[in-house]
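See structure below.
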Amino acid sequence: MKTIYNTILKDISNGKKLLAVLIDPDKFSIGNTSSFIDKVNASIATHIFVGGSTVEEHATNKLVGQIKEYTNLPVVLFPGDVSQISEKADALLFLSLISGRNPEYLIGKHVEAAPKLRNSNLEVIPTGYILIESITKTAVETVTKTKPLLRNNIQLIRDSAKAGELLRMQLIYLEAGSGAKEPIGHDIISSVKKEIKIPLIVGGGIRSIDGLKSAYNSGADMVVIGTAFENDESFFDELKKE
Ligand code: 1GP
């Protein structure tokens, strides 16, 4: 059953914009789960993503279990590594780093994950993950040992997204990197949006309502925000449900 993906498609076709709150188990205090998730529930967030570039083994599983106790929102794994796959989540972004040329992140990790996913109940969503350059080197670049795509090479970014769609990936995720100084700009988002029919996710460095709106207006179907909530939970007050 493709419940979560189908709901994303349905919401988007109804003109809804989606917001995922990203929780990195490595940077999150598990004792704060109930109070943090209460704020997520009261906000316009539609999804909770869990994952990080480097996470201690078992931390993800434990955290996802806690989060599920306090919310009905879909909890989606956004894993930096195979060890972050947890059966307690609802879905998994099966990320292929199509901006890079490191076979480990194009197919290697996926083969490693296959035994875990063979009999799993997780909804697996193949996702073309495209890292865009940032002023400072991001964790994704360091961990995956890949080069991001340059911001001024919009054609290459667009062609990469198209290739992902032709490979039947179900989502394209444009990533500036967690805590990026500059979010991905209008020109890149709008150009990629014109190229593909599958949903477009945008994340990295978005830390204000204006930044959120700008990504939506450029063509993002879903925005992912992590660091801004980690730094200041009062940001949730600006994103309350009407
Ligand atoms: C990182 O795109 C996500 O993978 C979110 O980035 O932490 O900068 O919001 P931020």
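Positions of Cβ are set from backbone N, Cα and C atoms, glycine also.
Feature annotation from TrEMBL assigns Mg(2+) binding site to Asp24, Ser53. Look at TrEMBL and you will find Tyr173, Leu174, Glu175, Ala176, Gly177, Ser178, Gly179, Gly204, Gly205, Gly226, Thr227 tagged as sn-glycerol 1-phosphate binding site.
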Please identify which of Gly177, Gly179, Gly205 has the densest Cβ environment, defined as other Cβ atoms within 10 Å, among these binding-site residues.
Gly177
Mind running the binding-site residues Asp24, Ser53, Tyr173, Gly205, Thr227 against ligand 1 and keeping the ones whose CB falls under 6 Å of it?
Gly205, Thr227
Checking the binding-site residues Tyr173, Glu175, Gly177, Gly179, Thr227, which are within 10 Å of Asp24 (Mg(2+) binding site) at the Cα level?
Thr227
Please report the distance from the Cα of Gly179 (sn-glycerol 1-phosphate binding site) to the Cα of Ser53 (Mg(2+) binding site), rounded to the nearest angstrom.
13
Between the Cα atoms of Thr227 (sn-glycerol 1-phosphate binding site) and Ser53 (Mg(2+) binding site), find the distance and write it as a whole number of Å.
13
Can you give me the same-chain residues 6 or more apart in sequence from Ser53 (Mg(2+) binding site) with a CB-CB distance under 8 Å?
Gly80, Ala139, Val140, Thr142, Val143, Ser178
For the sn-glycerol 1-phosphate site made of Tyr173, Leu174, Glu175, Ala176, Gly177, Ser178, Gly179, Gly204, Gly205, Gly226, Thr227, how many Å separate the two farthest Cα atoms?
17
Any same-chain residues 6+ apart from Glu175 (sn-glycerol 1-phosphate binding site) with CB under 8 Å of its CB? Would you list them in sequence order, or say none?
Tyr129, Ile130, Leu131, Ile132, Val140, Gly203, Gly204
Report the same-chain neighbours of Tyr173 (sn-glycerol 1-phosphate binding site): residues 6+ apart in sequence with Cβ closer than 8 Å to its Cβ, ordered by sequence.
Leu93, Leu95, Thr127, Gly128, Tyr129, Ile130, Ile201, Val202, Gly203, Val224
